[in-house]
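Engineer: Quick paste from TrEMBL:
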{"type": "REGION", "residues": "186-208", "note": "region 'Disordered'"}
{"type": "TRANSMEM", "residues": "6-30", "note": "transmembrane segment"}
{"type": "TRANSMEM", "residues": "42-61", "note": "transmembrane segment"}
{"type": "TRANSMEM", "residues": "81-98", "note": "transmembrane segment"}
{"type": "TRANSMEM", "residues": "105-130", "note": "transmembrane segment"}
{"type": "TRANSMEM", "residues": "142-161", "note": "transmembrane segment"}
{"type": "TRANSMEM", "residues": "238-259", "note": "transmembrane segment"}
{"type": "TRANSMEM", "residues": "279-303", "note": "transmembrane segment"}
{"type": "TRANSMEM", "residues": "324-344", "note": "transmembrane segment"}
{"type": "TRANSMEM", "residues": "350-370", "note": "transmembrane segment"}
{"type": "TRANSMEM", "residues": "382-401", "note": "transmembrane segment"}
Amino acid sequence: MYLVESKGGAIVCMLFSLFFLGTWPAIMNLLERRGRLLQHTYLYYSITNLMAAVIIAFSFGEIGKSTPESPNFLTQLSQDHWPSVMFAMAGGVALSIGNLSTQYAWAFVGLSVVEVISSSLIVVIGTIMNYFLDNKINRAEILFPGVGCFLIAVCLGSAVHSSNSADNKAKLKNLSNDCQLKTVDTGSSTTKEEEFPNNGAKDLENGNAPSEKAKAGTAAFLIELENRRSIKVFGKSTLIGLAITFFAGFSFSLFSPAINLATNDQWHTLKKGVPKLIVYTAFFWFSVSCFVLAIILNVTFLYRPVLNLPKSTLKAYVNDWNGRGWAFLAGLLCGFGNGLQFMGGQAAGYAAADAVQALPLVSTFWGIVIFKEYRKSSRRTYILLTSMLSMFIVAVGVLMASSGHRK
């Protein structure tokens with residue numbers, strides 16, 4: 001079994017995890033904006049997310065000789081450590097509920113704000129829990145100021161959302177005189193749509209939109225996006241999105257402490273002589289429970305959808321090739337990102353590993369570059385956005401600096 005033992009190795013794991021965990025939400029959001037049903041996307045994502053855990057378990061978990069103190073992955077599968085397995089699976093349930101919730105929240109309040117609020121809640125709640133579970137191996141005088149920076153980032157993220165929403169409302173009130181307005185039914189509410197000279201509804205994100213496409217940041221762009229995406233949000237309160245986001249954040253905050261308990265047995269639930277669960281076995285069972293719950297919920301949502309999404313069937317899901325490869329990639333990135341976070345946390349403390357929750361730095365980058373979320377926004381929005389990102393940069397540096405060393 002291969003273990004990350006050095007502080008430097010743990011930080012490398014965290015940095016790769018940060019990039020992977022910040023990128024997969026952008027891919028999922030991109031597919032929703034292109035009109036792919038969330039149920040279809042999440043089912044494919046769930047398959048490769050589990051696949052990543054299996055790959056990690058059979059590679060890193062099988063390297064080297066198995067010893068009584070540090071058994072390999074396959075050896076541990078036959079050992080009696082079900083209390084720890086239950087903690088790991090509980091963490092998988094928490095992650096699955098949180099991930100599923102964010103799929104719907106992105107449509108209402110945007111990728112950047114959802115990731116900021118949910119990630120910050122993970123740090124504020126989960127990091128404090130991990131600090132005490134890890135027997136305070138992280139430096140409190142550094143760790144808790146970092147947690148404070150994340151808390152400030154939550155407030156700034158909410159302010160960015162509020163300011164950007166006001167900007168969008170102002171844009172929609174001042175529609176271009178070059179466009180003819182007509183009333184259409186978006187499926188969730190009656191809104192105004194701009195009729196364009198070249199009305200071919202092609203993807204703006206993949207670069208094959210018509211030559212006279214709406215410019216990013218304009219009211220026309222917002223309306224085109226609304227007509228194309230799978231979740232219709234015009235006419236709905238953004239409080240729905242914020243409520244879903246905070247619920248997801250609280251759910252997310254439990255999965256890392258659950259893995260911590262599974263791998264370190266702080267509550268002494270294992271029988272005498274039974275070795276602690278290695279991180280790869282814990283991650284495997286974590287991913288299995290995440291997969292099972294995701295399949296159950298998403299198959300249910302195929303036939304009983306929420307938020308006015310259209311109904312679907314298993315046959316339609318199997319035949320839906322639109323963006324299937326991207327959904328597979330998102331699952332792999334999330335799986336490897338979580339695995340690397342846990343590998344780094346086992347070496348340097350799970351509280352310090354929560355630095356990967358600065359993933360909004362990556363998600364916001366994709367949101368700006370791909371989705372053009374803040375094009376033509378007000379100066380106030382840009383100032384708040386810059387302040388939010390700066391606070392995250394400070395926070396991730398401080399949390400990584402608090403890394404300890406597990407004995």
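The backbone N, Cα and C atoms fix where each Cβ goes, glycine too.
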Engineer: Could you tell me whether the transmembrane segment (382-401) and the transmembrane segment (238-259) are in contact, taking contact to mean 3+ Cβ pairs under 8 Å with a sequence separation of 6 or more?
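Structural biologist: Answer no: the transmembrane segment (238-259) and the transmembrane segment (382-401) share fewer than 3 Cβ pairs below 8 Å.
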Engineer: What stretch in 6-30, 42-61, 142-161, 350-370 has the biggest tally of Cβ pairs under 8 Å against the transmembrane segment (279-303)?
Structural biologist: 42-61
Engineer: Is the transmembrane segment (324-344) in contact with the transmembrane segment (382-401), using at least 3 Cβ pairs under 8 Å (sequence separation of 6 or more) as the test?
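Structural biologist: Contact absent: fewer than 3 Cβ pairs fall under 8 Å.
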Engineer: Six or more residues out from either end of the transmembrane segment (6-30), which same-chain residues have a Cβ under 8 Å from its Cβ atoms?
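Structural biologist: Those are 41-42, 45, 102-103, 106, 111, 114-115, 205, 323, 326-327, 329-331, 333-334, 336-338, 340-341, 343-345, 347-348, 352-353, 355-356, 358-363, 365-367, 370-371, 396, 400, 403, 405, in sequence order.
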Engineer: Test the contact criterion for the transmembrane segment (350-370) and the transmembrane segment (42-61): 3 or more CB pairs under 8 Å, pairs 6 or more apart in sequence, then answer yes or no.
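Structural biologist: Between the transmembrane segment (42-61) and the transmembrane segment (350-370), which are separate recorded stretches, there is no contact, as judged by 3 or more close Cβ pairs.
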Engineer: List, by number or range, the same-chain residues at least 6 past the transmembrane segment (105-130) whose CB is under 8 A from its CB atoms?
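Structural biologist: For the transmembrane segment (105-130), the list is 22, 25-26, 28-29, 32, 98, 143, 146-147, 150-151, 153-154, 156-158, 160-161, 164, 229-231, 233, 236, 238, 240-242, 244-246, 248-250, 252-257, 260, 345, 349-351, 353-354, 357-360, 363-364, 366-368, 371, 373-374, 385, 388, 392, 395, 399.
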Engineer: What same-chain residues lie close to the transmembrane segment (42-61): Cβ under 8 Å, and 6 or more beyond its ends?
Structural biologist: 1-2, 24, 28, 72-74, 99-100, 103, 278, 280-281, 283-284, 286-288, 290-291, 294-295, 298-299, 317, 324, 327-332, 334-336, 339, 343
